[in-house]
Every structure is written in C-alpha cells, then in structure tokens.
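A short write-up of the structure that comes next.
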Amino acid sequence: MAQETNQTPGPMLCSTGCGFYGNPRTNGMCSVCYKEHLQRQQNSGRMSPMGTASGSNSPTSDSASVQRADATLNNCEGAAGSTSEKSRNVPVAALPVTQQMTEMSISREDKITSPKTEVSEPVVTQPSPSVSQPSSSQSEEKAPELPKPKKNRCFMCRKKVGLTGFDCRCGNLFCGLHRYSDKHNCPYDYKAEAAAKIRKENPVVVAEKIQRI
C-alpha cells in the first residue's frame, strides 16, 4: 500500500464536476461517483437480454465490484492522508524562524523600556517630603480641637435637666418652665423664618410681558 500511495500523482478533481478529489484508477472520478457509475452499468446489463441468461452469476460480480470500489476508496484515503501530512509538515519547519523573530522583538522592547524606568525612579522619590509636610500641618491643626461638653443644665435657672431638657432654636437648653420663647426672652426671629418659608412654598407667578410688533 505504501508503494502505491507514493506512486500516485497530485490531487485532481472529479471528472463529473462534483467538487471532490478524483482518482485515475476510478477513471478520474471520486468514490461516490464511481459507485454510481458501476450501479448504472449493472442496471443496464440487467435490462439487456444477455444479462437474463447469466442471472445466476450476478451476485458474484456485484460483490467483486463492491470490493474493487472499497479498494479504490482506501487508496484515495491514503493519498489524501499523505497530502495532509505533507501540508502539516510545512508550517512545522517554519516555526523556529517565527520564534526567533518574536524573541528579537521582545529583546528590543526590553532595551527600550529599561532606560525609562531608570529615569522615572528619582521623579517619584522627589515629591515624597513635600507630601508629608502638609499632612503633619493638618494633624497639628486638628489636635487642639476638643469635643464640646454636652449641656445638661437649664440656661435660665441652671437646673440639672439631663435627658428631659428642651433644645430651643436659639441654641440653648431649657427646663420645662423656661422652654417657651416668652419665658427666656428668645432672640430667635420666628416671623422672619415663617415669611421665608411662605415665600419658598408659594412663589409669585408673573406672566411674561407681551412684546409689541
């Protein structure tokens, strides 16, 4: 079989025009078209009067033709496998060249990027002391701030109120007797706040003036 595959010529298309590869042993046809051709010949032989006389020998001829078709199929597959192996072996030989090209490009990129990293190192280290100075100054400014003690006495009578005290809008804490604005002379202007709230909730809607032509 190996000698037969080596002696086969290059791939050729089927003579019937089906698009598959043909074989000179099958009259330039592919395996499928060759089987159809054999079946047509057998059918035409059966229809002839000569074929009726030799009806007993037809099964043997059919089996022989099928064996021949199988042998041609095996030959075609072997030829196709040899051509595919040759086509696969071609890019394998070209792999070392591509690897060398990639290694050369990687080495050039490393040489180009190496001086950039050396220049960027002092630039990063220089602003480090300037960044630390404002952080220390901010910590010094925040240090003197102390939490304000909670008010727990009435602003008027200085009575301990605790959690039962009343906060006024003027910002002071009062007991139950002095919580009203008229009891502790509250300086907060409630009228101005109410007027501003009314203006905000009820805006004045004015129609646009008609422009004369």
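Along the chain as shown, residues are numbered 1 onward.
Just so it is clear, glycine is given a Cβ too, placed from its N, Cα and C backbone atoms.
The compositional bias 'Polar residues' annotation in Swiss-Prot covers 40-66. What Swiss-Prot lists as compositional bias 'Low complexity' is 120-138. What Swiss-Prot lists as compositional bias 'Basic and acidic residues' is 139-148. The Zn(2+) 2 binding site annotation in Swiss-Prot covers Cys154, Cys157, Cys175, His178 and rests on sequence analysis. Annotation comment: Swiss-Prot describes Cys168, Cys170, His184, Cys186 as Zn(2+) 3 binding site. Residues or ranges marked as N6-acetyllysine by Swiss-Prot on the basis of similarity to another entry: Lys209.
Location within the structure of each feature annotated in Swiss-Prot.
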residue	record	Cβ neighbours (10 Å)
Cys154	Zn(2+) 2 binding site	21
Cys157	Zn(2+) 2 binding site	12
Cys168	Zn(2+) 3 binding site	18
Cys170	Zn(2+) 3 binding site	13
Cys175	Zn(2+) 2 binding site	20
His178	Zn(2+) 2 binding site	21
His184	Zn(2+) 3 binding site	19
Cys186	Zn(2+) 3 binding site	17
Lys209	N6-acetyllysine	6
Distance, His184 (Zn(2+) 3 binding site) to Cys157 (Zn(2+) 2 binding site) (CA atoms, angstrom): 10
Alpha-carbon distance [Cys186 (Zn(2+) 3 binding site); Cys154 (Zn(2+) 2 binding site)] in Å: 14
Zn(2+) 3 site shell beyond Cys168, Cys170, His184, Cys186, criterion: Cβ within 8 Å of Cβ centroid: Phe155, Arg169, Asn172, Phe174, Ser181, Asn185, Pro187, Tyr188
Cβ-based neighbourhood (8 Å from the centroid) of the Zn(2+) 2 site, residues Cys154, Cys157, Cys175, His178 excluded: Phe155, Met156, Arg158, Lys159, Val161, Phe174, Gly176, Leu177, Arg179, His184
Cα distance (Å, whole number) from Cys175 (Zn(2+) 2 binding site) to Cys168 (Zn(2+) 3 binding site): 10
Alpha-carbon spacing, His178 (Zn(2+) 2 binding site) to His184 (Zn(2+) 3 binding site), which is rounded to whole Å: 6
